[in-house]
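If you look up TrEMBL, you'll see F24, G26, G28, E68, I256, K258, G260, D300, T301 marked as Ca(2+) 1 binding site. Residues or ranges marked as Ca(2+) 3 binding site by TrEMBL: A298.
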Amino acid sequence: MASLKIPANVPLPEEDSEQLHKAFKGWGTNEGMIISILAHRNAAQRSLIRAVYAANYNKDLLNELDKELSGDFERAVMLWTLEPVERDAYLAKESTKMFTKNNWVLVEIACTRPALEFFKAKQAYQAHYKTSLEEDVAYHTSGDIRKLLVPLVSTFRYDGNADEVNMKLASSEAKTLHKKITEKAYTDEDLIRILTTRSKAQIMATLNHFKDKFGSSINKYLKEDSEDEYVQLLKTAIKCLTYPEKYNEKVLRRAINKVGTDEWALTRVVTTRAEVDMERIKEEYLRRNSVPLDRAIANDTSGDYKDILLALIGHDHT
């Protein structure tokens with residue numbers, strides 16, 4: 001469920017394009033106008049605005065935004081304006097670059113997106129970067145981390161639903177996972193195969209069996225070795241596959257509570273989840289922190305950057 005409230009009387013993309021064109025003209029950019037338009041349009045509407053803008057002004061809207069804006073505000077607007085699959089392709093590329101290697105983001109994208117959406121993001125990646133995501137992940141990782149990440153980004157995981165779960169299989173694979181984790185065989189092929197290929201519904205059933213049978217969640221079992229990067233990635237994959245709103249709440253909490261905000265993480269979660277499950281993330285944030293997410297963001301950010309984040313999470317005060 002999206003938290004964006006799109007009013008019924010949304011202007012036509014022609015009008016939006018014209019207003020954006022005006023916002024770029026003159027001495028200063030009209031940032032408020034940019035927020036009032038782009039932050040209140042859904043993905044299909046933003047795509048139309050880009051197409052109309054290119055047709056009417058013979059310019060790429062993203063290039064115009066890039067020229068006119070700067071800093072964290074620019075990054076938020078640019079990420080938001082991209083098609084969701086283009087955005088994921090860009091985030092994945094940023095994560096595989098040698099100097100900015102960020103394996104968490106790769107796990108996040110591979111495990112929280114529906115299978116077809118992730119597949120389309122990989123197609124966008126190939127079209128834009130002339131290489132495959134699998135190839136780049138294999139190149140930029142090594143050892144155990146490569147052993148986990150390559151299958152995670154390679155699999156076309158069946159989305160599945162609760163009605164299609166094989167309970168007998170869930171029970172037997174829960175035992176397999178418990179055995180491997182108790183032996184600290186975290187890189188075992190069966191363990192990796194279960195987590196990288198089973199549908200989310202099947203994994204959820206397996207992990208519920210695990211908890212019922214062995215008294216604690218799988219991540220509690222993994223906690224004692226959580227300093228290890230591989231184990232942390234394993235835990236991240238499990239959280240993203242089963243409770244993405246809890247994972248995203250934690251990313252936001254850490255981004256906001258850090259000494260000096262982690263704007264990159266904050267921007268990434270808000271722009272990628274605003275149209276997906278932001279309401280659930282906000283509920284989880286309030287439950288976990290006793291502070292509404294909009295207040296936490298407002299206290300930690302300022303200016304146009306603050307305004308666009310608040311608009312995207314559905315608390316528009318502009």
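Glycine too: its Cβ is placed from the backbone N, Cα and C atoms.
Features recorded in TrEMBL, as mapped to the structure shown.
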residue	record	CB count, 10 Å
F24	Ca(2+) 1 binding site	19
G28	Ca(2+) 1 binding site	9
I256	Ca(2+) 1 binding site	20
G260	Ca(2+) 1 binding site	6
A298	Ca(2+) 3 binding site	16
T301	Ca(2+) 1 binding site	22
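Here the CA atom of the residue listed as 'Ca(2+) 3 binding site' lies 25 Å from the CA atom of G28 (Ca(2+) 1 binding site). When the alpha carbons of G260 (Ca(2+) 1 binding site) and A298 (Ca(2+) 3 binding site) are compared, the span between them is 14 angstrom.
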